[in-house]
Amino acid sequence: MPVRRGHVAPQNTFLDTIIRKFEGQSRKFIIANARVENCAVIYCNDGFCELCGYSRAEVMQRPCTCDFLHGPRTQRRAAAQIAQALLGAEERKVEIAFYRKDGSCFLCLVDVVPVKNEDGAVIMFILNFEVVMEKDMVGSPAHDTNHRGPSTSWLASGRAKTFRLKLPALLALTARESSVRTGSMHSAGAPGAVVVDVDLTPAAPSSESLALDEVSAMDNHVAGLGPAEERRALVGPGSASPVASIRGPHPSPRAQSLNPDASGSSCSLARTRSRESCASVRRASSADDIEAMRAGALPPPPRHASTGAMHPLRSGLLNSTSDSDLVRYRTISKIPQITLNFVDLKGDPFLASPTSDREIIAPKIKERTHNVTEKVTQVLSLGADVLPEYKLQAPRIHRWTILHYSPFKAVWDWLILLLVIYTAVFTPYSAAFLLKETEDGSQAPDCGYACQPLAVVDLIVDIMFIVDILINFRTTYVNANEEVVSHPGRIAVHYFKGWFLIDMVAAIPFDLLIFGSGSEELIGLLKTARLLRLVRVARKLDRYSEYGAAVLFLLMCTFALIAHWLACIWYAIGNMEQPHMDSHIGWLHNLGDQIGKPYNSSGLGGPSIKDKYVTALYFTFSSLTSVGFGNVSPNTNSEKIFSICVMLIGSLMYASIFGNVSAIIQRLYSGTARYHTQMLRVREFIRFHQIPNPLRQRLEEYFQHAWSYTNGIDMNAVLKGFPECLQADICLHLNRSLLQHCKPFRGATKGCLRALAMKFKTTHAPPGDTLVHAGDLLTALYFISRGSIEILRGDVVVAILGKNDIFGEPLNLYARPGKSNGDVRALTYCDLHKIHRDDLLEVLDMYPEFSDHFWSSLEITFNLRDTNMIPGSPGSAELESGFNRQRKRKLSFRRRTDKDTEQPGEVSALGQGPARVGPGPSCRGQPGGPWGESPSSGPSSPESSEDEGPGRSSSPLRLVPFSSPRPPGDPPGGEPLTEDGEKSDTCNPLSGAFSGVSNIFSFWGDSRGRQYQELPRCPAPAPSLLNIPLSSPGRRSRGDVESRLDALQRQLNRLETRLSADMATVLQLLQRQMTLVPPAYSAVTTPGPGPTSASPLLPVGPVPTLTLDSLSQVSQFVAFEELPAGAPELPQDGPTRRLSLPGQLGALTSQPLHRHGSDPGS
């Protein structure tokens, strides 16, 4: 297998670094994006959620000012200081009282820390929260109600209060900086202070504003950290007085928050547009000028230096007593006129503000970059080397550190490998054969290293091994998390725990340490310790075990090396016994006699070293292969015992290596063959399609990492070989972490969990890979199990998600999959579990008892559905009004509203009882709309989709005149009677044709005082022709729509003429039946002629009732009325478009609900 390179692709480790550092310190923090106009929260850790009591889904996309934690005891000054910190680029600490979700109050120290990108621009803010004390301990009420808590609905988080940062003309203030009055600069001081003049003239009654006199000129010391005496001595006693009163519809922010009907106001920093209610910011040259201004000695500035006539006011300034302090702690010098306005934000909170409004870095911020970095490091308790930047960056490699996969390290490893092989061969040989010869020739003249070339080589090997130890202390490694570790300290610890001891023993130069002692045999034995390096050689060569030829070669080399070692031992045994034997029966004496070189009586002479080594190697090879010829035989007991051991070793090696070579190769290369086959396919794919190099490198790196992660195992292929019950158990084990720790799956039965586990699929994504693109169809729900991702809209990061977060769309609220409103991109190597919407809904249909719990406990951290891209999709107002449905069949949902309890024959009167709000199955509008008073079905009705069956394709409504109170003798329920006196409990398929006609009776005359009731819908076998589908602008032109409307208008004109005549005939027939009980409808006057009627109508008597039969007859007439020849054919598929809705009608939630003037209940 290739060398493990680890995660070397550029990763965005911003979130991982912050979490790793903060979680160990039990921090509570949030991360906000400084480039969106509301500084929305894009990440919050579990500690913050536990602190405030809100879930992550409720906190995400909230303003980072945390105004949803404000309450009665929250200081406005502290809140303003936090807002000011978001304007600058320096950190600030503020003490403020916050409220939890349960209403309990606590005092918190908030650290606002900016985060910069590689260009030095502030792109994010980290807000760290530290609890100082509980308010209950200092005498506050037990529970103060948090009136600003957000709604528990996850959809409400996107429309809650937002924090808009607007900066007015900064260039104009920059140009005016040089025009400050020269009289105010007579003192030699630092022109860094900021003086705030505030006019106490109240603002306009329609706005609620809080002038930021304190906010625009404060630093960390004056933000509740400096002594009160110094601040009072510098500023004066009047600095704590309020500077502006809050006026508007509500007397105070608290009163406004107490009103449940009031829309959530947004806290925004906006420029004051009134010259009478804004604060001017001007510069002070020194502390003397500040004292003069505090005492009123400094005259007001000229008009060109401010925006209006301002009254000097003693305000909170820098907590300093000298000019040097002003130089050191000067604040932003060009802050424009700012007020804190509570306004309603109707726009998209995620859209970035213009460049002029988004730039919040002061002109001198570039000069303070190094100071900011030091302070950020102090606040975060992080080292400067690990302070992250929010960008894709390669792993940090320390200086003088060698990558373990670099070319230099590869060459060096091969060099060390050759030296180790040399050591393994020559160390036993020199210890057995050469030491005896050296002793025998010790009387020879001393010629140094020239006579001993192997001694020089041994010295070089020792030096190389020592250098290798030093290199290993600076070589990176891959940890258990597949991360490349380059820190010298961690590398040293890892090396000490691993191969350091073996390398150290193998590198000891024993011949130099024992030089001159004369014990050459001891030196030779100690040198055998170098053979310990063979363990590392085996580990290095294991990567080549995937090649068949290499394995055969390695096996042969191993066999030869073992034979070499045994030959050295065989010679050492014969050489040791030779001087002590009286009878010359050893194998050496026999060898000398055979080759004609016998030993003399003094033990000298005999065969040469070459003859001895070759003979010993011949004996060991023949013994290991069990092919002994007997020409070299053991004679002494020691030689026979050694021969037995050699035979045992040889039998094992021969049987395990040579006897099973094919089996070994097949077993070792099964995975390797699959790897190379798949890799070959990838390369052929790259070559065939001519993929460019950057993309080719991504493909290869992803394949290699995925192969090392899964080892080339195809889970689907493996699972298909097992029965379904075993497949479910395996999938349950693989997804056990998700099913155990994810809240929506708690409480599910084991059978339900097994069914869900079968539907989950695991996705692995490298850094920089885009999982979902903007506009893609959302067909699955994603659960993050490892890594972190970011969600972008354009180039703006709107959310950062990590482990255990969920993103997608709420499947129970939409019948059809929506489209993504942003890009989802991986920051690190991520593992995600995804389940398709069809599979999830199918499982929940099988377990309806678990479905309620699942939908109620599912909290999607970020909703990717883009409602603006889908015409007629329900908005947040509809969803908050009860637009909650459950899946009853596949892709069919049942609306749970108050109307479900009514019987099919009951009549619900508009204006009596609770009106249905939102896109219900039988009502899509409300009376009093801008185009009529009749309820109508909008195009966003989920029941009108094609995949819900023909019975749900349309929702016809029946319109009947609103009746007066029913007489006591009338039948209950108010159903109209047929001619036979029976109740009509069935609906004509065309009886709802008038549901889409806006105020059709207005053609007869004045319809004032008449209301229409909504009858329960009945399934129609075929859709009405008047239910015109909403045509797509891309498929039908505007002229087709206009011609269709003209045809319908002509139909209505003919309908008026015939309806007047038919009504007279019908009413005369009804008046003859005196035995019938009068129905429950009030009398209707005879309608006059229509505005376009060609002939006058015959006068008739008063209309006593209007039955369903009459309306049914009229509906049938309309259904079978032919269209003119020039009118286009009406399509029958797609969502229906009611005639009461104009062509440019927007979403229903955007239209305010009005009650008609003739409504009796208004």
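Glycine is treated like the rest: Cβ placed from N, Cα and C.
Listed features, source Swiss-Prot:
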type: COILED; residues: 1038-1065; note: coiled coil
type: MOD_RES; residues: Ser239; note: phosphoserine
type: MOD_RES; residues: Ser241; note: phosphoserine
type: MOD_RES; residues: Ser245; note: phosphoserine
type: MOD_RES; residues: Ser285; note: phosphoserine
type: MOD_RES; residues: Ser286; note: phosphoserine
type: MOD_RES; residues: Ser322; note: phosphoserine
type: MOD_RES; residues: Ser353; note: phosphoserine
type: MOD_RES; residues: Ser873; note: phosphoserine
type: MOD_RES; residues: Ser876; note: phosphoserine
type: MOD_RES; residues: Arg1017; note: omega-N-methylarginine
type: MOD_RES; residues: Ser1140; note: phosphoserine
type: MOTIF; residues: 626-631; note: motif 'Selectivity filter'
type: TOPO_DOM; residues: 427-452; note: topological domain 'Extracellular'
type: TOPO_DOM; residues: 519-522; note: topological domain 'Extracellular'
type: TOPO_DOM; residues: 571-613; note: topological domain 'Extracellular'
type: TOPO_DOM; residues: 635-640; note: topological domain 'Extracellular'
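Mean model confidence of the topological domain 'Extracellular' (427-452) amounts to 63 (pLDDT, 0 to 100 scale). Residues of the same chain lying 6 or more positions beyond the ends of the topological domain 'Extracellular' (635-640) and with a Cβ under 8 Å from any Cβ of it are 570, 573-574, 577, 581, 585-587, 590. Counting residues of the topological domain 'Extracellular' (571-613) by DSSP class, helix then strand then coil, yields 21 helix, 2 strand, 20 coil. Helix, strand and coil counts under DSSP for the topological domain 'Extracellular' (635-640) come to 4 helix, 0 strand, 2 coil. Across the motif 'Selectivity filter' (626-631), DSSP assigns 0 helix, 0 strand, 6 coil.
Beyond the ends of the topological domain 'Extracellular' (571-613), by six or more residues, the same chain brings 429, 432-434, 436-437, 440, 619, 631-636, 638-639, 642 to within a C-beta distance below 8 angstroms of the stretch.
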